[in-house]
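**Student:** Feature annotation from TrEMBL assigns transmembrane segment to 35-56, 62-82, 215-238, 250-273, 580-598, 610-630, 650-675. Annotated domain 'P-type ATPase A' per TrEMBL: 104-204, in sequence order. What TrEMBL records for ASP303 is active site, 4-aspartylphosphate intermediate. The ATP binding site annotation in TrEMBL covers ASP340, GLU344, PHE372, LYS373, ALA374, GLU375, THR376, ARG377, MET378, SER379, LYS391. Among the features that TrEMBL reports, Mg(2+) binding site is placed at ASP514, ASP518.
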Amino acid sequence: MQTNRKKSLSGDILRNAVKDSFVKLNPMTMMKNPVMFVVEVGTLIVLLMTIFPGYFGTGQSTGFNVTVFAILLFTLLFANFAEALAEGRGKAQADSLKKSKKEISANKVVNGGLKLVPSTELRKGDIVVVSQGEMIPGDGEVIEGLASVDESAITGESAPVIKEAGGDFNSVTGGTRVVSDKIKVRITNDPGESFIDRMIALVEGAKRQKTPNEIALNTLLTSLTLIFLIVVVTLAPIAKYLDIQLDIPVLISLLVCLIPTTIGGLLSAIGIAGMDRVTQFNVLAMSGKAVEAAGDINTMILDKTGTITFGNRMASEFTPVDSENMAVLGEWAAISSLKDETPEGRSVLELMKKQGMAYDSSIAEDGVFIEFKAETRMSGIDLSDGRKVRKGAVDSVRKWVESQGGAVPSDLELKGNTIASEGGTPLAVAVDNHILGLIYLKDTVKPGMKERFEQLRRMGIKTIMCTGDNPLTAATIAREAGVDEFIAESKPEDKIAVIRKEQAEGKLVAMTGDGTNDAPALAQADVGLAMNSGTTAAKEAANMVDLDSDPSKIIEVVAIGKQLLMTRGALTTFSIANDVAKYFAIIPAMFTLAIPQMEALNIMRLGSPLSAILSALVFNAIIIPLLIPLAMRGVGYKPMSSNKLLQRNLFIYGFGGIVVPFLGIKLIDLMVHLWI
Ligand SMILES: Nc1ncnc2c1ncn2[C@@H]1O[C@H](COP(=O)(O)OP(=O)(O)OP(=O)(O)O)[C@@H](O)[C@H]1O
Ligand SMILES: [K+]
Ligand SMILES: [Mg+2]
């Protein structure tokens, strides 16, 4: 998959694109693109006039008509080629996915026993057992056990990942392979609705719908086409009245030069290529609309732990409070972490080992493990002798102790603040109503974060860091990373509140998430990027999934979205500016053809009226393939505010759009004139 995704345009893709350019000539297909459909109708009329010159009265030579016909046909083929090429890579990818989607046999749980059935017979809710070496037969959730799974068929990443029941890492994808241990999986999708099925449909573009932006632009282009159509059609009777002879092929050439064929021909290729760029990046966008929304984002909400920081918060020190001693603190810290499978919990036991500290794990026997929850911010164990052990956020543990009538050590706050102001996370450890001390969890800001946030600021995007951590730690990390705002001690529901608040101000909001409790916020956000390692709920609520599960990727996705919007804007500007320039080449030529005295209008000093028309038409055709690389790659992109970008682009593509055709047409005219 990965190698395939990275592969550039191969010979196969080019060959198929050439073939598709002809297939797409089908008027029913063409009709969806009104600008090019008008060109197609014009092409057919010129063809008819070439074959049956008698019916249309006198006119230009058959040679001229044939040439016009050929150039128009190429204009259509070039536009089709652009679209076919953009679709090509996705189709190739879909083919390789389809190959990987072979039928798998599944061990389905039936009446307590196991029955071998083909994966196609599995329905939502069925339970299967998958053992070492076997393929997971469908998308689902692990309900029992733990296994490492090779997901390279989907993510391209060869290192296996751990999947386990409960928590945020229980979702598995059909077509991936269990490399160790055994798991019981509840199937979550009916056949045909799996992740791979959706992925195939996405990369194939089968479900590609025009985005609201595209529809708006299409309406504008269609209106322009209609206006020019009316202008050109009314030109004929006026000319006749003035006794000026204007031939239909000349009028059709004029029309095709004036209507926005450049952007009309490249528009869908730009959209497809934008989505493709996101896919190359190992992010699956559920719609083109999501990619475009990414380009319009005003506010970005980011988690602290794991997104801005590395996220492997490691216990690095024990700090006893009051008159407590290190050994006792360490022991209870360890006991509270015995069954805590979070990285934080495991790191406490590792620190004990590293420091050579001992603890008696038999104390915990028959105890009830209290799992860490974002709501309580604590984890621990209720011992069989009635004692309760907790570790967690200082504030939460303080309140817990106070609620049992305990006193808070006088140096707790100061010592906690010292850790927090260094950017660390202090965890307090308590047994019943007694606080023993603190665990220092260290985390580091990822390198390069400051620069990335600086870029976002230049783009005019506000960043808000959300964290369950205390305000002091949050402030330190926020300052170090350079985010604009932060929300500390935030609960999952706070995220959705921030999103709603920003949206109420008319802002578009992006966020990343992986947990089930992130799902509502992911659904509410305009761009929700879920991690592939996350829960099914999160992936279904989001409109994008990152196969590499790198939450900071949202920053790049926004850049790709911006680039897509910019590319479309730039090429639209260029196209319309082009048409203006062609106007000055073709109108004088047309009238000189009818009234030779009007030669004075020939400001471009073009060879002859006929060569002027043909040159403009040739330019109009070849500019499409010349711009295909730009449409596919996207215009060069520098982070700056939308206003500055607009000015810069108007200058480059507007001014360039007027100058380039003058030079191009003149050059072609020199060659054409030599030839006719
Ligand atoms: N395993 C754990 N046991 C006890 N307390 C924990 C544990 N992990 C984290 N905490 C405490 O709970 C707080 C909230 O943790 P949570 O994972 O919800 O948020 P966070 O990771 O700090 O923020 P975010 O992931 O949103 O950036 C932490 O700041 C820490 O004080
Ligand atoms: K045109
Ligand atoms: Mg967290």
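Each Cβ is built from the backbone N, Cα and C atoms, and glycine gets one as well.
TrEMBL: automatically predicted annotations, no manual curation.
From a predicted model like this one, the values you see are computed outputs, not experimental measurements.
Buried or exposed, and what's around them? Tell me for each listed feature.
**Tutor:** Mean per-residue pLDDT, taken over the domain 'P-type ATPase A' (104-204), amounts to 88.
Taking Cβ pairs closer than 8 Å, the transmembrane segment (215-238) reaches residues 34-35, 38, 246, 248, 251, 254-255, 258-260, 263-264, 267, 568, 572, 576 in its own chain, all 6 or more past its ends.
ASP303 (active site, 4-aspartylphosphate intermediate) carries a strand DSSP state (E or B). If you draw a 10 Å sphere around the CB of ASP303 (active site, 4-aspartylphosphate intermediate), it holds 23 other CB atoms from the protein chains shown.
If you draw a 10 Å sphere around the CB of MET378 (ATP binding site), it holds 21 other CB atoms from the protein chains shown. DSSP assigns MET378 (ATP binding site) to a strand segment in the three-state reduction.
Taking all protein chains in view, 27 other C-beta atoms sit within 10 angstroms of the C-beta of ASP518 (Mg(2+) binding site).
Listed by sequence, the residues of this chain that lie at least six past the ends of the transmembrane segment (580-598) yet keep a Cβ under 8 A from its Cβ atoms are 239, 244-246, 250, 253-254, 257-258, 604, 606, 609-610, 612-613, 615-616, 619-620, 657-662, 665.
Non-local neighbours of the transmembrane segment (610-630) in the same chain are 60, 64, 67-68, 71-72, 74-75, 78-79, 81-82, 85, 250, 253-254, 256-257, 261-262, 265-266, 269, 567, 571, 574, 578, 582, 585-586, 588-590, 593, 602, 604, 661, 664-666, 668-669, 672-673, 676; each lies 6+ residues outside the stretch with a CB under 8 Å from one of its CB atoms.
Non-local neighbours of the transmembrane segment (650-675) in the same chain are 570-571, 573-578, 580-582, 584-585, 604-608, 611-612, 614-616, 618-619, 623; each lies 6+ residues outside the stretch with a CB under 8 Å from one of its CB atoms.
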**Student:** Grab the same-chain neighbours of the transmembrane segment (62-82) for me: Cβ-Cβ under 8 Å, and only residues 6 or more beyond its ends, written as numbers and ranges.
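**Tutor:** Answer is 17-18, 20-22, 24-25, 30, 33, 36, 39-40, 42-43, 46-47, 49-50, 53, 249, 252-253, 256, 261, 264-266, 269, 610, 614, 617-618, 620-622, 624-625, 628, 631.
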**Student:** When you tally the Cβ atoms that lie within 10 Å of each candidate's Cβ, which of the binding-site residues (ASP340, PHE372, ALA374, THR376, ASP514) has the highest tally?
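**Tutor:** Max Cβ neighbours within 10 Å, all protein chains included: ASP514.
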**Student:** Return one of helix, strand or coil for ASP514 (Mg(2+) binding site), based on DSSP.
**Tutor:** coil
**Student:** Of the binding-site residues PHE372, ALA374, THR376, ASP514, ASP518, which ones put their CB under 6 Å from ligand 1?
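**Tutor:** So the answer is PHE372, ALA374.
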**Student:** Quick one: pull the CA-CA distance for MET378 (ATP binding site) versus ASP514 (Mg(2+) binding site), whole Å only.
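**Tutor:** On Cα coordinates alone, these residues lie 20 Å apart.
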**Student:** Can you count helix, strand and coil residues in the domain 'P-type ATPase A' (104-204) using DSSP?
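**Tutor:** Looking at the domain 'P-type ATPase A' (104-204) with DSSP, the answer is 17 helix, 46 strand, 38 coil.
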